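Have a look at the structure below before the remarks.
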Amino acid sequence: MDGAVKNLAPNLAHPFGTDNFGRDILSRVMSGAKTTFFVAVSTVAIGAMAGTFIGALTGYYGGILDEILMRINDGLTSFPSILLALVFVSIIGPGKYNVIFALGIIFIPSFARVVRSEYISFKQMDFVKNARLMGAGNFRIMFVHILPNTKLILLSSVTIGFNNAVLAEAGMSYLQLGVQPPDASLGRMLSEAQTYLFNAPWYALAPGLMIVLTVLGFSLINERM
């Protein structure tokens with residue numbers, strides 16, 4: 001930090017300018033992006049792994065297990081995910097790992113529903129019946145024979161989930177319920193920049209642009225899949 005160079009406009013030494021403490025905004029954006037990506041990847045990993053396991057069980061076995069877990073699933077999805085995440089974080093407290101935990105739990109139902117529908121379709125196919133005739137156990141059929149066939153829909157769900165996690169983390173950090181100092185976060189940078197929106201508009205431009213480009217990039221990847 002250098003108070004002598006605070007709120008400098010973009011220049012050769014500081015391509016995105018400096019903030020109100022004289023910190024280089026480009027460096028902070030890179031650090032904030034790293035934090036945001038870590039939160040998003042961790043969130044999607046939790047949601048995808050737990051959701052895939054639950055979706056596989058309910059889709060393959062059906063019955064009372066399917067009814068119970070899907071009713072819980074419906075209950076969670078009946079509320080906006082960001083609202084539930086904010087409620088969780090307000091209870092357990094802000095912080096990077098608490099945000100990951102809250103968002104990870106919220107993301108489970110969407111993955112579970114997608115995987116469940118795939119398993120309901122695949123379990124009636126001939127390759128599953130043949131595997132069963134050859135003596136394959138249920139868990140082997142579920143995770144060796146059926147799961148690889150869901151990879152395309154899972155990858156698509158992961159890219160969508162990553163975008164949602166980036167936006168959710170940015171929103172929670174903007175409300176100062178997400179990542180806390182000294183860790184940098186794109187959402188928190190936007191929150192800090194709003195005070196200087198007219199005096200130093202470049203302060204908000206860089207983190208906002210990073211969020212937009214990230215979401216747009218992964219949306220384009222999803223369309224190509």
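Even glycines carry a Cβ here, placed using N, Cα and C.
According to TrEMBL, the protein has these features:
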type: DOMAIN; residues: 33-222; note: domain 'ABC transmembrane type-1'
type: TRANSMEM; residues: 37-63; note: transmembrane segment
type: TRANSMEM; residues: 75-93; note: transmembrane segment
type: TRANSMEM; residues: 99-115; note: transmembrane segment
type: TRANSMEM; residues: 200-221; note: transmembrane segment
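For the transmembrane segment (37-63), the list of distant contacts is 69-70, 73, 96, 99-101, 103-120, 123, 138, 141-143, 146-147, 150, 154, 157-158, 161-162, 165-166, 168-169, 178-179, 214: same-chain residues at least six beyond its ends, Cβ to Cβ under 8 Å.
Remote same-chain partners of the transmembrane segment (75-93), defined as residues 6 or more beyond its termini with a Cβ less than 8 Å from a stretch Cβ, comprise 99, 101-103, 105-110, 113, 164, 168, 171-172, 175, 177-178.
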